[in-house]
Amino acid sequence: MSKKIVTLAGDGIGPEIMSAGLSVLKAVSKKIDFEYELEAKDFGGIAIDKHGHPLPEETLQAVKNADAILLAAIGHPKYNNAKVRPEQGLLALRKELGLYANVRPLKIYPALKKLSPIRNVENVDFLVIRELTGGIYFGQHELADDKARDVNDYSADEIRRILHFAFKSAQSRPRKLLTSVDKQNVLATSKLWRKMADEIADEYPDVRLEHQLVDSCAMLLITNPQQFDVIVTENLFGDILSDEASSLAGSLGVMPSSSHGFNGLALYEPIHGSAPDIAGKGIANPVSMILSIAMMLRESFGQEDGAAMIEKAVTQTFTDGILTKDLGGTATTKEMTEAILKNCQ
């Protein structure tokens, strides 16, 4: 049965890397007999220009009826002081789809080790899972001249939902290790978080659960990143730790992500921005988009062979020394994509 994939190319380099990613999806799908149909919709800045809103109703209805969503990039400096901004569309999309679990995989490729800001990056391969719908970002906010207050609020249901997602993610990986990150020595929300993690762990006897305080975890991501397999944490901590972890890769151009909703629908996107300064020049790194498509094949459609094929092709392309400018090479978007296509075996 054919799967429906809605594509949101967005702004800046978005259309270029989306095109590159879809060419890889097309080639790999033929090899694994995966059938799909694409529906392209306006989103972000281009949607503001054409429809007056970053998330038009037509786009919203399309994504709600999709089996998966691919987003390339949104944003442009011209909207920085505008009343309506592209980023508002992404926040609205997350809310409408109930996207509660953000997943960022970090893998250090041997050929790219020299790009990492730290030396000790051998065999680094882990996930950071961040809760997206609760916590201090969504609590009550008060600001006065001499006082301010932000409320960190989590329900048991919100914590339970993300922890089950994380345990299942750890269960699917060879090491089966889950590190739950909190600040339970200070925060009430973290005390509840840790209590629930220990209780839920009984349902996953094959997964080893460890606890880390957030400050300790931040240090260990630099001093011993190999110890991690799957990290799960609340919204604010996850925002900070996932960005810290991403820096280990040396370039955002190789970092994919996924965000999963209540009903199983997921959004896949690179973690980098729209890079308007290089848009249209044909030099954007398409790898994060291509790897996001690999995540889609695995997480939404169970196509492990297709996902592994893409990931191995990317690894081989790096090993062959074909690198875009952000990785220290000279390859164009087209050349990088063609090399990955060639290595899809």
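These residue numbers are counts, starting from 1, taken along the chain as shown.
Every residue gets a Cβ built from N, Cα and C, even glycine.
Swiss-Prot has this to say about the protein:
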| type | residues | note |
| --- | --- | --- |
| BINDING | ARG94, ARG104, ARG130, ASP215 | substrate binding site |
| SITE | TYR137 | site 'Important for catalysis' |
| SITE | LYS183 | site 'Important for catalysis' |
| BINDING | ASP215, ASP239, ASP243 | Mg(2+) binding site |
| BINDING | GLY273, SER274, ALA275, PRO276, ASP277, ILE278, ALA279, GLY280, LYS281, GLY282, ILE283, ALA284, ASN285 | NAD(+) binding site |
Between ALA275 (NAD(+) binding site) and ASP243 (Mg(2+) binding site), the C-alpha gap once rounded to whole angstrom: 18
DSSP-derived class (H/G/I helix, E/B strand, else coil) of ASP215 (substrate binding site): helix
Distance, LYS183 (site 'Important for catalysis') to LYS281 (NAD(+) binding site) (CA atoms, angstrom): 45
Cα distance (Å, whole number) from TYR137 (site 'Important for catalysis') to ARG130 (substrate binding site): 13
Local Cβ density at LYS281 (NAD(+) binding site) - other Cβ atoms counted within 10 Å: 13
Neighbours of ASP215, ASP239, ASP243 excl. site residues, C-beta within 8 Å of centre, Mg(2+): VAL214, ALA218, LEU236, PHE237, GLY238, ILE240, LEU241, SER242, GLU244
Cα separation, ASP243 (Mg(2+) binding site) to ARG104 (substrate binding site) (Å, whole number): 9
Cβ-Cβ distance under 8 Å to ASP215 (substrate binding site), same chain, at least six residues away: LYS183
Minimum Cα separation from ASP243 (Mg(2+) binding site), reported as the residue among recorded positions TYR137, ASP277, ALA279, ILE283 that achieves it: TYR137
For the binding-site residues ASP239, ALA279, ASN285, the one whose C-beta sees the most other C-beta atoms within 10 angstroms: ASN285
Conformational class of ARG104 (substrate binding site) under the three-state DSSP mapping: strand
